[in-house]
Amino acid sequence: MSWQGYVDDHLMCDIEGHEGHRLTAAAIVGHDGSVWAQSATFPQFKPEEMNGIMTDFNEPGHLAPTGLHLGGTKYMVIQGEAGAVIRGKKGSGGITIKKTGQALVFGIYEEPVTPGQCNMVVERLGDYLLEQGL
């Protein structure tokens, strides 16, 4: 399966049991900031935004004082999993980022999708990629 297939079929799909509810945007991005695949709605990000995200995975708490920025949007960093998952909130939506061996899996959501549903979709694919050595 192509990387775009993972984004289209495993991230931008209907949430299990909630037909028509899906993430707003999603992407798989290499640790170096290169986009492997993304939805048409994924924001154009700046290199320094990706650097900040990678720094937070290596130094958990790095983004907490300033917030997580992606495509010029600021998210308040909320409880994640140090070195593995970063979660952010903005209004009725938010973001989940799962780190794998070689990539970052991004999911962005708005209501009616819940934070837990976004976490489930993003982390399930991230865990699968980790199992595959990616």
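Every residue, even glycine, has its Cβ placed from backbone N, Cα and C.
What Swiss-Prot annotates here:
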DISULFID  CYS13-CYS118  disulfide bond
MOTIF     84-100  motif 'Involved in PIP2 interaction'
MOD_RES   THR114  phosphothreonine
Helix, strand and coil totals (DSSP H, G, I; E, B; other) for the motif 'Involved in PIP2 interaction' (84-100): 0 helix, 13 strand, 4 coil
C-alpha spacing of CYS13 (disulfide bond) relative to THR114 (phosphothreonine), in angstrom: 15
In the chain carrying CYS13 (disulfide bond), residues 6 or more apart in sequence that have Cβ under 8 angstroms from it: ARG22, VAL121
DSSP state at CYS118 (disulfide bond), helix/strand/coil: helix
Around the Cβ of the residue listed as 'phosphothreonine', the count of other Cβ atoms that are within 10 Å: 14
